[in-house]
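Annotation comment: TrEMBL describes 108-119 as domain 'EGF-like'. Sequence annotations record features per position, and here TrEMBL assigns transmembrane segment to 123-146.
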Amino acid sequence: LDLSNCSLHSVPPELAEATTAIVLDLTENPLTTLPNGSFLGFTYLQCLAVPLALECPGGSDAWQEVTVDRSSRLCQDQRNPCNGSTELVWPCPENSACAPDGPGLIQCLCDSPFHGYKCLREGVFPVLLFSGVLGTATVSLSLLLWGTQRRKAKTP
């Protein structure tokens, strides 16, 4: 994805849709910062060129190789922050596993059959019970309102 020399003053929000990009060039743009989360979900990104004034997203520890030339910084080969090869090992809750989510970013995915907050709930969501209670409450309230408000309706 070549966005070089596009007069970008900030990262366009539409960039979030390009998470499958492998190569991204942002050089020759008057970018001043790369906001945190700009590359959230960019797990396939292997080569990123940014203006010299900017650091590689996630820092230099998030990349295997960072090279600098006259006008740009080239960040190559994302490191997996979950494998413990760097100093930081990301703590995920019990019953979950660490997964990369972009340069220097991680996500914790619940192991099956766990789900919910901090992966503490086991099994599946009780759809039938939830639907039954919600449906019964809706029908009961509708009948109550129909019965109480019926007398206020004017007959022709």
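Even glycines carry a Cβ here, placed using N, Cα and C.
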Composition by DSSP (helix, strand, coil) of residues within the domain 'EGF-like' (108-119): 3 helix, 5 strand, 4 coil
The domain 'EGF-like' (108-119) [mean pLDDT, rounded to integer]: 90
